[in-house]
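A.B. asks: I'd like to ask you about the structure that follows.
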Amino acid sequence: MASGLGSPSPCSAGSEEEDMDALLNNSLPPPHPENEEDPEEDLSETETPKLKKKKKPKKPRDPKIPKSKRQKKERMLLCRQLGDSSGEGPEFVEEEEEVALRSDSEGSDYTPGKKKKKKLGPKKEKKSKSKRKEEEEEEDDDDDSKEPKSSAQLLEDWGMEDIDHVFSEEDYRTLTNYKAFSQFVRPLIAAKNPKIAVSKMMMVLGAKWREFSTNNPFKGSSGASVAAAAAAAVAVVESMVTATEVAPPPPPVEVPIRKAKTKEGKGPNARRKPKGSPRVPDAKKPKPKKVAPLKIKLGGFGSKRKRSSSEDDDLDVESDFDDASINSYSVSDGSTSRSSRSRKKLRTTKKKKKGEEEVTAVDGYETDHQDYCEVCQQGGEIILCDTCPRAYHMVCLDPDMEKAPEGKWSCPHCEKEGIQWEAKEDNSEGEEILEEVGGDLEEEDDHHMEFCRVCKDGGELLCCDTCPSSYHIHCLNPPLPEIPNGEWLCPRCTCPALKGKVQKILIWKWGQPPSPTPVPRPPDADPNTPSPKPLEGRPERQFFVKWQGMSYWHCSWVSELQLELHCQVMFRNYQRKNDMDEPPSGDFGGDEEKSRKRKNKDPKFAEMEERFYRYGIKPEWMMIHRILNHSVDKKGHVHYLIKWRDLPYDQASWESEDVEIQDYDLFKQSYWNHRELMRGEEGRPGKKLKKVKLRKLERPPETPTVDPTVKYERQPEYLDATGGTLHPYQMEGLNWLRFSWAQGTDTILADEMGLGKTVQTAVFLYSLYKEGHSKGPFLVSAPLSTIINWEREFEMWAPDMYVVTYVGDKDSRAIIRENEFSFEDNAIRGGKKASRMKKEASVKFHVLLTSYELITIDMAILGSIDWACLIVDEAHRLKNNQSKFFRVLNGYSLQHKLLLTGTPLQNNLEELFHLLNFLTPERFHNLEGFLEEFADIAKEDQIKKLHDMLGPHMLRRLKADVFKNMPSKTELIVRVELSPMQKKYYKYILTRNFEALNARGGGNQVSLLNVVMDLKKCCNHPYLFPVAAMEAPKMPNGMYDGSALIRASGKLLLLQKMLKNLKEGGHRVLIFSQMTKMLDLLEDFLEHEGYKYERIDGGITGNMRQEAIDRFNAPGAQQFCFLLSTRAGGLGINLATADTVIIYDSDWNPHNDIQAFSRAHRIGQNKKVMIYRFVTRASVEERITQVAKKKMMLTHLVVRPGLGSKTGSMSKQELDDILKFGTEELFKDEATDGGGDNKEGEDSSVIHYDDKAIERLLDRNQDETEDTELQGMNEYLSSFKVAQYVVREEEMGEEEEVEREIIKQEESVDPDYWEKLLRHHYEQQQEDLARNLGKGKRIRKQVNYNDGSQEDRDWQDDQSDNQSDYSVASEEGDEDFDERSEAPRRPSRKGLRNDKDKPLPPLLARVGGNIEVLGFNARQRKAFLNAIMRYGMPPQDAFTTQWLVRDLRGKSEKEFKAYVSLFMRHLCEPGADGAETFADGVPREGLSRQHVLTRIGVMSLIRKKVQEFEHVNGRWSMPELAEVEENKKMSQPGSPSPKTPTPSTPGDTQPNTPAPVPPAEDGIKIEENSLKEEESIEGEKEVKSTAPETAIECTQAPAPASEDEKVVVEPPEGEEKVEKAEVKERTEEPMETEPKGAADVEKVEEKSAIDLTPIVVEDKEEKKEEEEKKEVMLQNGETPKDLNDEKQKKNIKQRFMFNIADGGFTELHSLWQNEERAATVTKKTYEIWHRRHDYWLLAGIINHGYARWQDIQNDPRYAILNEPFKGEMNRGNFLEIKNKFLARRFKLLEQALVIEEQLRRAAYLNMSEDPSHPSMALNTRFAEVECLAESHQHLSKESMAGNKPANAVLHKVLKQLEELLSDMKADVTRLPATIARIPPVAVRLQMSERNILSRLANRAPEPTPQQVAQQQ
């Protein structure tokens, strides 16, 4: 490894640098690396002990300059001085310039006598800033003087002082190198000249060193070897220069023809032999020869290129630095190891030893190589080329080197281009002079490789004269018999160049061996001996390549050597990926039999087959698709840009007009015709085109020729010309589309899949074009997979239209934009980025087909074109108006829009609205209004109303409508048994996942999903598991053994039998599966059975997919089966030649299955289509099929906002239910498997398919009559048929249940199910594992204590019946849902007469087009919610109370309680209010959880408060009215007694004691109802400055409410959040003002007191009806025991007791105080509103419902509430005033109740404030204020009396009070942040809200009445 640090020297080119290096290093390197023959030469480059340079240490006194920079500068200065002194002639300069220019990687172009030139090469532009800076400095310092100045002259010129030091002998002995000298002298110069610039210091030091070396008296001593070498070098250079100037070059010596160069190479293992080396002139003895070292250069430390080096290198550098000279060093590596970083020790030590021996002669050398890698432009450890100045990292070479190569090495550039740099130097005069001086020539030691390029071994090698390659003569091909005479060029140098750039290698083959080489007879041979046998050549590989920019017509064969030389990377990659020993078979032509026949008939095809097709080139790639453009060259020849069929646009190529290509003339004619049509160009350049038969394109009329509103009765002539015929319904579609165009109505064509929407659209656009309505351009946006189909349809139906497909990568699209968008060259800016098209530019095409993605990606170009019409295929991509596609398309300039979709109502109305909004935003812009309009009406009305609105915009036909004669389709669900192997794996999967299954409440949805997927795999085939696949028996070719494969799966057993019969019947089959691995297994199965097949899955795209379809659909095709993956086999695939579809495993999403079987049931189908859906009996598959079917129903039948769009995901409960399905039976079987005589028992339920059953299954006539009548968009539901003969046992009892379609059963899940089923198996399995694994890991037992006490229930009763929905023996079970009446809602099972015995209705069902939840229809669900909002939580006896409103009276108690339980579970279910459904799939219907829970809480507080005082206050507010009412009733004996029932409470409830409220259904405990009586008492104690809070007798009269009262109360938002009521100061007024005050309430602004909960107001007539039917009942729920007792009490003064302990947080008590004072004084107890009225208001709310003010006022029991308003009855807005006052008053009471509850809880939790707390300090201040005010009350009176001193004191007191109050006010503002709040429930229970709700939503430990009811 050799070379210098830092950037190369400025005099690095040519001999100038060598001279400089000679002086610097005291050695003389040759001017050219090859001149080692010269005996006079001091050192041969190849034998130089390339010692590493010594690094210069940083000077402590000059820290500013980095070492590397300093070294570079020193070196550059010395270079200039020494170079200038050498007196080179102009020849050297010229030569140097030439070399510098020839090398594009030199570091500098500096030459003496000239200013430095900056190279223009691209690589130099990357020069770092530091380099540029240095070069600028160098330029500044560069002076043009030819003579180097002495140090004294330099210092004098600069005006600086010279040093006076006289060098002693000791100095000359010790300062043996420049480094030591510099360290000694530099401080002396710096001391004299402290401000000397670094560059000047370098120059002075250089001059001083030169003078010092010249004057050194010890030149011969070893101590001064370096100085001696330097002097010798100077002498030699001078002699060289003199010779150059004086002597002319010697004339060439005439030599006889010489042999070609040879050398003794060194193989990898060869020993090193000694060889003479003319190192020092006087030393003639030969020195041992060594392998020529490889130079490796370490990049400059100062540059950005980092040097990476190992520790070994660093050590070597350090050790070699001691002997290195000045600023250059060499690192050598000649070892066989190829690593430049870690060299072999042996070699290193050898080099060091040699260096030490020859230290007198050499101290290193400097090369003129670049110091950075040619490839990456970075520095570091680089490998130097021996034949040019380039350098490389080993990793940057291709292929990268692992180790440094041995000997001389040439870089890839030299190997490719030949040696130029070295050849130039060969002729340098310097070398010739040295050769002359040397005299004797020695054996040449050159740069040629030390080993054979072919076999990599040493020995005698033949060397090439123009490159470093060496060969054995026997390794050449053909071998040479002897060394040739004269100049010899190796195969690499004689290798012909390639004709272009290779794009890809297609195939390779063995070529013909070259002709053998004759061996000359030896001169001394016997003439009779036969001639020697000629040397045979070897066959070499030939590669068939495609050329860049050329078509496949130009593909040709090239030799391996050509590829290796010119395409190294591509060749290496090809070698890596392909077998290079055995050429690939050229069997690409497809069916051999067909191609053989065709070859016999068509000689042209035979030729093409021989030349191209057999090597993998498809015929389509050589067929012209269209000509895109033309160009004319200087000679007038025309070239055409051709786009080839089935190849992207970036493979388009230019071809000259006279190339022979099939149909070329036809396409040229077509190109010019189109050009003429679009631009009116007549003339065309080039040769005259041959006459070809081509239909002349007719120019479309300028004005419309046909009225588009007139219907076509038959298809027009221009369609007849295409050869196609439209179906009648397609003609109708065409007429409708044309009419809509004329009317300017944008439309949606929503025909069902398979009715030819693409054809209708193509014909519609063609008709616009042909009739002159529009010439386009038309934009079609479609899914990428269907674009090929669109191309075909346009080709077929619109032959005159120019259709461009704008798809592909950036390059393809750039070519399309340049050539296909316009005829004008500059219409669009070129390049890969899309840009706008010029406005005035004409458009070249009529139709542009593109994908959704490109609409947004290339919106710049597409958005700049004015489109006549937009067509969006599969338009449900526009269903979201927030999508980018929607927004971008909205910005396009579109005159007309047509959307195509097969499922316009796929999910919900919102999506339909977005489609309409896109079409006509001016009409459909209000989404909310649209949804509201269609939100709550039955389906039939909804569809009809929608139809009226959509009529002008949408056309939708179903196959059932338009093809009365189209073959029907029948879908049968075929239930299949698990094979024994599948059962084993099924049980194993369940057992292995026991812990995941058993984590009650905590089971992860993802883990359950994984279990389901594993079980689905098991149902398909056990070989889908790696373990089973490994153990499975295989055939020698690696395929599974067929019989074992079939036996392992129940489905394959059945499939085998079915396919056999289907094949015999001449049917063809599509088999769909979700899993591609299953398709692999099916391939093996079909191979085993010997059926031919095609396959499409997600990995097969575009053209390959279409080819497979075409092969299958081709007439007479042999393929019997087509394997498709369910999702990949979706859009745009037409397989109408098949008539049987087998869905091997159902997709999660039923839409995908429907799309799948629509592939066969479509236009073109002329046979009945049978669809067989395989479902494994009693497994997850069966359950998934049921759930998917029900979800599908829910999605389609309930066309309402929100529902259905997210039904794809399964809830945890659903997953758990799916997993449980059939497991009990599976494990039951296991128990009976022990006995051998269980066959008969098993047979009863196991499915058997014998020949008879298979025949019945495949019978195609079984359902024909029914299927033809299928109607409507729910056709897929009706097609779910059940093969009734499949199961031997049939449940006859379920036949009657046909009125209700069950969508989902109520979950009644046994939490211990998995525990009971799997615990034993799991523990057994763990024991087995432990036994097998030794001690193993401890298994933690999974015990769940949460739900342990829950009763066991058989979940199968309600949920997953062992027999699926499909085992019903009626095929009509799923049909005609819409025709059912709503009356027989619940199933009536035989023998079940009693309501109690009736089973609960299913959780979700559909009746008459409406969804029912547990038997509750939409109206009943709404009524239930209204009742909740009106009365709060239903009490235990709600079923017998006023709670049961009219709509709910038809429900049994069991159903009612079940629904209450479900409703409360939903309320407590965690999840967003925005979700469309609850976790169990029940529609949410806009339920707001917060509002409902708040209302329930408030009503509960009111009920509890009324119950507390009810037994004291009685049930009549004015007892005297009770008798009047009774008398009225007596006079109307026929009328029913009014019911006044309320929730039951024990009659002996004590005062101030909350009556117990029964626990809420479903285990939900509302906290308000479970508090203790101490709480209320505690809370009451906290009330301050209010009237007495014990029972108040009715004799007290309340004070009137004043006009200016203002109450601001926030509604209760939650338990913790209670706002303090703001109270405005009140003033007392006389009692007469009360009615006025009440009347003027409406004038008071009350912005805060707004009820956030919705108030549900029901029909008043309904209410009256209810009231007539009510029974007499107390508020506590009891009927009055003794009415006489009541009568006796009426004359006695009635006791009254009521209080709300709000702690003074509201103004309620101050109001009460004032009101009661007024009432007492005026004796108007009834007329002035006070505490008594408030109680009866709350009692009325409990009885009549929340905010039912009118009902309460009309009830005689609450007549007291009307008394205060009697004076206002004459006012017009009397009712409004009264209701407003009641609402405000109730708000205040509601707030007080909430605060009381909070205080009660605080007391219950023993919450108290710290005495030092700010609130307590506030309390103290308040006491001070109170004390101050009370103690100085007398001052007020005295001051009023005129006492002046008292007046002064009063002022002081008032000031004190004011200060105290302002302090308190400041404290109050800070108070809310500091008051301790009741911690939220979540904190107290240390559970998250989600966990609490989950626990509430689960069933309670003890059985609730609902559960009991369900079990009954």
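Glycine is treated like the rest: Cβ placed from N, Cα and C.
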A.B. asks: According to Swiss-Prot, phosphothreonine sits on which of Thr529, Thr1540, Thr1545?
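C.D. replies: The phosphothreonine feature in Swiss-Prot corresponds to Thr529.
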A.B. asks: Where does the phosphoserine label fall among Ser1602, Ser1648, Ser1808, Ser1831, going by Swiss-Prot?
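C.D. replies: Of Ser1602, Ser1648, Ser1808, Ser1831, Swiss-Prot lists Ser1602 as: phosphoserine.
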A.B. asks: Would you mind telling me which one of Lys219, Lys403, Lys634, Lys1529 Swiss-Prot calls SUMO2 cross-link?
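C.D. replies: Record says Lys1529.
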A.B. asks: Look up region 'Disordered' in Swiss-Prot and report which of 421-471, 1186-1236, 1594-1644 it refers to.
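C.D. replies: Matching range for region 'Disordered': 1594-1644.
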A.B. asks: Give me the Cα-Cα distance between Thr758 (ATP binding site) and Lys711 (SUMO2 cross-link), rounded to a whole Å.
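C.D. replies: That separation, Cα to Cα, works out to 20 Å.
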A.B. asks: Taking every protein chain in this structure into account, which of the recorded positions Thr517, Thr529, Thr758 has the most other Cβ atoms within 10 Å of its Cβ?
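C.D. replies: Checking each of Thr517, Thr529, Thr758, the winner is Thr758.
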A.B. asks: Could you give the residue numbers and ranges of same-chain residues that sit at least 6 residues beyond the compositional bias 'Pro residues' (513-522) on either side and whose C-beta is under 8 angstroms from one of its C-beta atoms?
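C.D. replies: Distal contacts: 477-482, 531-540.
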A.B. asks: Nearest to Gly754 (ATP binding site) in three-dimensional space, by Cα, is which of the recorded positions Thr517, Thr529, Lys618, Lys711?
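C.D. replies: Answer for the nearest of the recorded positions: Lys711.
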A.B. asks: Using C-alpha positions only, work out which of the binding-site residues Asp751, Glu752, Leu755, Gly756 is nearest to Thr517 (phosphothreonine).
C.D. replies: Gly756
A.B. asks: If I restrict to non-local contacts, at least six residues apart, and a C-beta distance under 8 angstroms, what lies near Glu752 (ATP binding site) in its own chain?
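C.D. replies: The answer is Gly902, Arg956, Arg957, Leu958, Lys959.
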A.B. asks: Going by DSSP assignments with H, G and I as helix and E and B as strand, what are the residue counts for the compositional bias 'Pro residues' (513-522)?
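C.D. replies: Going by DSSP assignments, the compositional bias 'Pro residues' (513-522) contains 0 helix, 1 strand, 9 coil.
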A.B. asks: Rounded to a whole angstrom, what is the C-alpha distance between Lys711 (SUMO2 cross-link) and Thr529 (phosphothreonine)?
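C.D. replies: Here the two Cα atoms are 101 Å apart.
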A.B. asks: Given the binding-site residues Met753, Leu755, and counting only Cβ atoms in the protein chains shown, which has the most within 10 Å of its Cβ?
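C.D. replies: Neighbour-count leader: Leu755.
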A.B. asks: Work out the three-state DSSP category of Gly756 (ATP binding site).
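C.D. replies: Its secondary structure by DSSP: coil.
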A.B. asks: Around the Cβ of Lys757 (ATP binding site), how many other Cβ atoms lie within 10 Å? Please give the count over every shown protein chain.
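C.D. replies: For Lys757 (ATP binding site), the 10 Å Cβ neighbour count is 22.
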A.B. asks: Relative to the Cβ position of Lys618 (SUMO2 cross-link), how many further Cβ atoms are located within 10 Å?
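C.D. replies: Looking across every protein chain shown, the total is 19.
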A.B. asks: Whole-number Å distance between the CA of Leu755 (ATP binding site) and the CA of Thr529 (phosphothreonine)?
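C.D. replies: Rounded to a whole number, the Cα-Cα distance is 89 Å.
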A.B. asks: Over the span of the motif 'DEAH box' (873-876), count residues by DSSP class, listing helix, strand and coil in order.
C.D. replies: 2 helix, 0 strand, 2 coil
A.B. asks: Just how many other Cβ atoms lie inside 10 Å of the Cβ on Asp751 (ATP binding site)?
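C.D. replies: For Asp751 (ATP binding site), the count of other Cβ atoms within 10 Å is 22.
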A.B. asks: Give, as a single whole number between 0 and 100, the mean pLDDT over the motif 'DEAH box' (873-876).
C.D. replies: 77
